[in-house]
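First up is the structure itself, then whatever we jot down about it.
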Amino acid sequence: MAPVKVRKICCIGAGYVGGPTCAVIALKCPHITVTIVDLNKARVDAWNSPDFDLPIYEPGLEDVVRQARGKNLFFSTDVDKGIEEADLIFVSVNTPTKKSGVGAGFAADLNYVELATRRIAAVANSSKIVVEKSTVPCRTAESMRTILEANSKPNCRFDILSNPEFLAEGTAIQDLFAPDRVLIGSLQTPEGKDACEALRSVYANWVPSERILTVGLWSSELSKLAANAMLAQRISSINALSAICEATGANIDEVAYAVGKDSRVGPKFLRASVGFGGSCFQKDILNLVYLSESLHLPEVAAYWRQVVEMNEYQKRRFSKRVVDTLFNTITGKKIAVLGFAFKADTGDTRESAAITLIKNFQAEKAFVTIYDPQVPHAQIWEDLKEASPHLTLEQIQKQVTITSSAVEACNKAEAVVIATEWKEFREIDWQDIHSRMSKPAFLFDGRLLVDAEKLRTIGFKVTTIGRGEVL
Ligand SMILES: NC(=O)c1ccc[n+]([C@@H]2O[C@H](COP(=O)([O-])OP(=O)(O)OC[C@H]3O[C@@H](n4cnc5c(N)ncnc54)[C@H](O)[C@@H]3O)[C@@H](O)[C@H]2O)c1
């Protein structure tokens, strides 16, 4: 049997991964019709909005959607029609950490993957290649295959591939246009290899062949968890060193520079910060911890768990440093938090360090003002409500205000905390901000973003992650 020529793709899940990934596939493969389906009507409506008010912010995304939407790229809530018509289906639904039941707090909640898989089995009237795009525990493809085969109609064959997504939010379009690698995992059977070739030929429209890696299914699934665990581990390692820097007077930037010059280590991802966030790192490591425990590998589980614990420690440590520096109390003081997204160039707030910081400041009875250039105010309220379920929104709003500019947030504030590395915070007129703040004016740089020396000459009392003035 020759590999299928892919003509119609359906992507289940129009989120941060499904949306950009399949929009880029549509742009790069004009001969393929791509339909992205989602149960969330508001999200689909936003993808279809006439003025391109898309549901996620990602540099370059609007341009891609403008070029392909209505030609060979479609967004729809009609999941069944999308499945029926496609020869290849990406499953790109969310796989959050389980909140209850067995493995709560660690294991991935595979309910959305299972529901999407069952829908494919129920609706498909012809053979399909089903591609696991969501990040899932090792051997999930096997469960998907079992569900599909047990429910398939005669003459319907399902081949399962794993094709984890390595894009980083904030640079998603750039990453999709020129990926370091595309990974495709398949069963090493003739049918599995044919399915792999069908997907490979889609990516081959713009990705050089040496960057398309084909491996076994389980290696592909595990590689995604491994990649995220190792990236997060680098951040926790540099953050652990930042604590030593603060205690000794060493400078984390200098240490990172010196360490990164070793070609075996490399310079990337060695930037100390208030802690990593995002929907993936913590979730995927906890998933790996759970997997290790399930496989009776407690030492391996403990090793990876420590990466997450170090991240929690970093956020606590930073919050405490704010309180300590402000003469051991922030009760009744106004703290401006600049940035709410988990990193720059995204509007995504999932697991953002800012949420933890603000919660800690609330607990200390400070008044907090928040400014972020991209995150919708409603999202901020939703996140703060979820972080403090014992408080009503009205109670939260007595302590927290969201502003429409950094200047407004900092007005009469005792301290400014930089929580996200938005470029505009580097370019702010800090002289003006200083003139509007209570004195002494404190600034806490949780992202190594601003020129501390320059700000000190303006009059700020600056505290930077990984820099101690102790010795
Ligand atoms: N966000 C990232 O940076 C990133 C990067 C790589 C991999 N991933 C992985 O990709 C997957 C998706 O992540 P995301 O950030 O896009 O999530 P998301 O929550 O933004 O999007 C998932 C979408 O799937 C939809 N959905 C869920 N079940 C459905 C169903 N049965 N039918 C139709 N639609 C359904 C939801 O409504 C939602 O819009 C996750 O497994 C994640 O771990 C994410």
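Just so it is clear, glycine is given a Cβ too, placed from its N, Cα and C backbone atoms.
Bear in mind that TrEMBL entries carry predicted annotations, made automatically and left uncurated.
Annotation source TrEMBL lists NAD(+) binding site at 13-18, Asp38, Arg43, 93-97, 134-135, Glu169, 280-283, Arg350. Reduced to three states, the DSSP call for Cys280 (active site, nucleophile) is coil. Taking a C-beta cut-off of under 8 angstroms and a sequence separation of 6 or more, Cys280 (active site, nucleophile) has the following same-chain neighbours: Thr135, Asn228.
Per TrEMBL, the feature active site, nucleophile maps to Cys280.
Over the domain 'UDP-glucose/GDP-mannose dehydrogenase C-terminal' (336-452), the average per-residue pLDDT in this prediction is 97. The domain 'UDP-glucose/GDP-mannose dehydrogenase C-terminal' annotation in TrEMBL covers 336-452.
Look at Glu169 (NAD(+) binding site): DSSP puts it in coil. Around the Cβ of Gln282 (NAD(+) binding site), the same chain contributes Thr97, Ala232, Phe276, Val308, Asn311, Glu351, each under 8 angstroms and 6 or more positions distant in sequence. For the domain 'UDP-glucose/GDP-mannose dehydrogenase C-terminal' (336-452), the DSSP counts in helix, strand and coil order read 46 helix, 19 strand, 52 coil.
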